[in-house]
Amino acid sequence: MEEPQSDPSVEPPLSQETFSDLWKLLPENNVLSPLPSQAMDDLMLSPDDIEQWFTEDPGPDEAPRMPEAAPPVAPAPAAPTPAAPAPAPSWPLSSSVPSQKTYQGSYGFRLGFLHSGTAKSVTCTYSPDLNKLFCQLAKTCPVQLWVDSAPPPGTRVRAMAIYKQSQYVTEVVRRCPHHERCSDSDGLAPPQHLIRVEGNLHAEYSDDRNTFRHSVVVPYEPPEVGSDCTTIHYNYMCNSSCMGGMNRRPILTIITLEDSSGKLLGRNSFEVRICACPGRDRRTEEENFRKKGESCPKLPTGSIKRALPTGSSSSPQPKKKPLDEEYFTLQIRGRERFEMLREINEALELKDAMAGKESAGSRAHSSHLKSKKGQSTSRHRKLMFKTEGPDSD
């Protein structure tokens, strides 16, 4: 059905008037009116005007039209919700644990360290008894590489840090958040790496995509003329006591010798402690290590520990019975010596009697000691008789 055409002579309803006609309906000086609320009220349509729209007769060819609905007002944007606090960063867990077992391989790979004492002024010192390196933060730590025969060309040396304790060995060793934000980068090392190589522009810092572990790799260089070993200078860029990092957990540094394809040629490791006073900490730990070794001495071969009686562990142990029941005859020259030794003997007998009373706590045992003391008195008389004879050798 075709829609009837509108007659141009018919005036359109109010809702379709032009903007100029609507502007004329506004009260004068509405913009500069001191009462803006009253001017806004004048703009509001009265109920009579609305009723007039509905009762107005439309033209012959035009149906009454309803006023167009006002466009929907977009809802006011909600106030931005406060951002939730970022969760604490969780350290990534490694899917594999590198081996720390010493493996010299066919080239006799091993490590060496410079000899240094335990003075407070040292910045790096190694303890052979503990196989542990004590060093300060970001200080030079020379590590010597020894081989019996030269490895093939393209050999590399990799250094990696892992936690020593089994409950933390799967965690990746990295710097604490505070030291990560420090501006001490040399342009090559990522800020989260703990181990760096000093004075080597060929160092490569690796982040394994599978294990997430950090390592630094340098090409192996043969010893210089007149030297028997190759020295690499490492730096440790975080303290062992830093919260959020190692957090006082002991770590190991694993040094591996690899060929150009990554095949293992040798492996060695040592423990590391990064602290403020390496000499003092080394001296303290070595003393504790020696004390622990002295408190648990090794038993000789074939020795058997004798089990203690389960009766009274707190009471003093009695002497061996064969020694208590044996009697000896002693020939003494001179009465003065005899009286002195007799008093000593009586004092010892009295001491044994008092010890027996404390352990047993019975009169029967004390009477036995008195009878034993009487026997010793008769023995003294016998000794006195012998002293009257000729002197003996």
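Using N, Cα and C of the backbone, Cβ positions are placed for all residues, glycine too.
Features of the protein shown, as given by Swiss-Prot:
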COMPBIAS  69-90  compositional bias 'Pro residues'
CROSSLNK  LYS386  SUMO cross-link
MOD_RES   THR18  phosphothreonine
MOD_RES   THR55  phosphothreonine
MOD_RES   THR55  phosphothreonine
MOD_RES   LYS120  N6-lactoyllysine
MOD_RES   LYS139  N6-lactoyllysine
MOD_RES   THR284  phosphothreonine
MOD_RES   LYS370  N6-methyllysine
MOD_RES   LYS372  N6-methyllysine
MOD_RES   LYS382  N6-methyllysine
REGION    1-320  region 'Interaction with CCAR2'
REGION    66-110  region 'Interaction with WWOX'
REGION    100-300  region 'Required for interaction with ZNF385A'
REGION    113-236  region 'Required for interaction with FBXO42'
REGION    116-292  region 'Interaction with AXIN1'
REGION    256-294  region 'Interaction with E4F1'
REGION    273-280  region 'Interaction with DNA'
REGION    283-325  region 'Disordered'
REGION    319-360  region 'Interaction with HIPK2'
REGION    354-393  region 'Disordered'
REGION    357-383  region 'Interaction with USP7'
REGION    368-387  region 'Basic (repression of DNA-binding)'
SITE      LYS120  site 'Interaction with DNA'
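THR284 (phosphothreonine) counts 12 other C-beta atoms within 10 Å of its own C-beta, drawing on all protein chains shown. The 10 Å shell around the Cβ of LYS120 (N6-lactoyllysine) contains 9 further Cβ atoms across the protein chains shown. A straight line from the CA of LYS120 (N6-lactoyllysine) to the CA of LYS139 (N6-lactoyllysine) spans 15 Å. The distance from the Cα of THR284 (phosphothreonine) to the Cα of LYS139 (N6-lactoyllysine) comes to 21 Å.
Only residues 6 or more beyond the boundaries of the region 'Interaction with DNA' (273-280), in the same chain, are considered here, and those with a CB under 8 A from a CB of the stretch are 117-125, 132-137, 236, 238-241, 246, 250. Summarising the environment of LYS139 (N6-lactoyllysine), the number of other Cβ atoms within 10 Å of its Cβ, over all protein chains shown, is 16.
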